[in-house]
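For B:6-28, B:35-53, B:59-81, B:93-116, B:136-160, B:181-208, B:228-255, B:267-289, the entry in TrEMBL reads transmembrane segment.
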Amino acid sequence: MEWFNDFWSTYSTLVFSVGVHALLALSIWLTLSCGLLSLANAAFMGIGAYVSALLTLQLGWSFPLVLLTGGIAPAVVALLIGAPVLRLSGVYLAMATLAFGEVVRITVLNLEITGGPEGLNGIPLETEGWHIAALLALTIYGLARLRRSKVGRAFEAIKEDEVAARLMGINVDRYKLLAFTLGSFIAGVAGALNAHFTFFISPREYGFEAAVDILTMAVLGGISSLIGPLLGSSIITLLPELLRSLHDYRSFVNGAVLVLVVLFLPKGLWDPRRFRKWFGKAKGAEA
Amino acid sequence: MLEQQLLNALTLGSVYALFALGFTLVFGVLAVINLSHGAIFMVGSYAALWLVSHLDAPLWLAMLGAMLLSGTLGLLVDVLILKPLRARNAPHLTPMIATIGVGIMLTSAAQGMFGAEVLRFPEETLPAGEFIVGGVHVRALEIAIVAIAFILMAVLFTALKRTQLGRALRAIAESPKAASLLGINVEGLFHVTSFVAAALGGIAGVLIGLDFNAITPQMGQPMLHKGLAVIILGGMGDIRGALIGGLFLGFAEVISKAYLSSQMGDAVAFGLLFLILLVRPSGLFGRVLERKA
């Protein structure tokens, strides 16, 4: 057991990060699975982190309640902005959510209660490994169920062709709002979990770069199944550790990964169809 | 005091317009949101700085060099990344994601090569001189910036309006397929557009670098967001809209910085962007595009 204790004391933060990033990747997977490219997830994570940290620091709420509120707060925001924002599609939606993220970041930067640019310090350590593991498992289970449900099928129909989905009687606007809000809830919980093990949060962590990181995880892993985001988030979290020697050029690799994946693996790393082609029957390989 | 602010706003606004012009040109012709445009802007200012301080190049030559380098980068992005994606008929968000990656790579490379600290042009390379016109302090530098920005924009407008190349580009903006059937070399013009747009982004970087005399690897990011605000304000792909939107943003920002708070100046761009998208997604001057089913 000793090696495990050594390992844990060195790498527990990293393992925690993998879990939190997995939640974030799943949150963007949810919106992507409904055909929405929303870049607001980092901002939703930030809202969750700040709301939960403030509840802990100022009001001393219990941790489960804090986590729940950390998810509900961004979900309420998502509900409010969802109706007007989700009328937009494609690049316009991406731009609007990006702008929303910046508005959130600048607001947090200028508010007194959030500590401005210095952020919030001394958030007590509340998150434990099993919290993250349990919530991650719960999320995966929930999303797997969702995929196979009527709602999941509706998401897929909307993603494939919005007009056709509408003609089939799917209430497109409502399902889009559902995906957007659920995604923001997951991102908010991830933010709350994250805030309670990093000790410190600042507006810088929830800006454009964070939004892009989250997107990279999903794109790298692939969004055709739930395994993709999990794989992508693990790689993106562990990659910087493996590339420590490159220090200044570490994010260069992130950028390169994004470009190369888009160019050469359009479906992401986890692409069951490609696997079938590679490892399936010889006949399939020839075709 | 107000006159002074207006001058600042004009300087800033003209560079915003120049930057956004390249941005909107790429969207109009290639139908791609090129999110590496901010990083290319940053590369432009580093290139000029390097030419001035390492090769003792005069400023005008450094500007030309910066345009050439950033233009070439833009061309490379088109040839190496956007072209294969076009050939594959990738969904329209894919090139946007790829250019985010390019932006991260360029920013990180600049940070690795030049460090994260703020770099400045040597004092003696900046055009000196200051006039007082009607109580307003006018730096020669500001006049130069506004003049360069407007001359370049005028050249671009004329080229688009009056030359065969411009007519071809406008045809492609309408429909690449139809343009290609008319015998227009669509791929070639995509390359030209990418080069010109990136060159404009690069020179905008030099001008902002000179105006604030502060260059950092991260300077492209806020500019990118402002550029987005401008082209959405003016209508995506609308050349005239980019000019008016750029000037408008310059004024809105300077005025709110002066009369509200310095931090709010940054929020103005995004607040405006967000609002426009909600109220009038086609932009102030844009046409409403119907979705092609």
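The first residue you see is number 1, and the count goes up from there.
From the backbone N, Cα and C atoms, a Cβ is placed for every residue, glycine too.
Unlike curated entries, TrEMBL annotations are predicted automatically.
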With pairs closer than 6 in sequence left out, are the transmembrane segment (B:6-28) and the transmembrane segment (B:228-255) joined by 3 or more CB pairs under 8 Å?
yes
Using a Cβ distance cut-off of under 8 Å, indicate which of B:59-81, B:136-160, B:181-208 has the most pairs with the transmembrane segment (B:6-28).
B:181-208
For the transmembrane segment (B:181-208), could you work out the same-chain residues 6 or more beyond its ends whose Cβ comes under 8 Å from its Cβ atoms?
15, 18-19, 21-23, 25-26, 29-30, 34, 37-38, 40-48, 62-63, 66-75, 77-79, 82-83, 86, 145, 148-149, 152, 156, 165, 168-169, 171-172, 219-220, 223
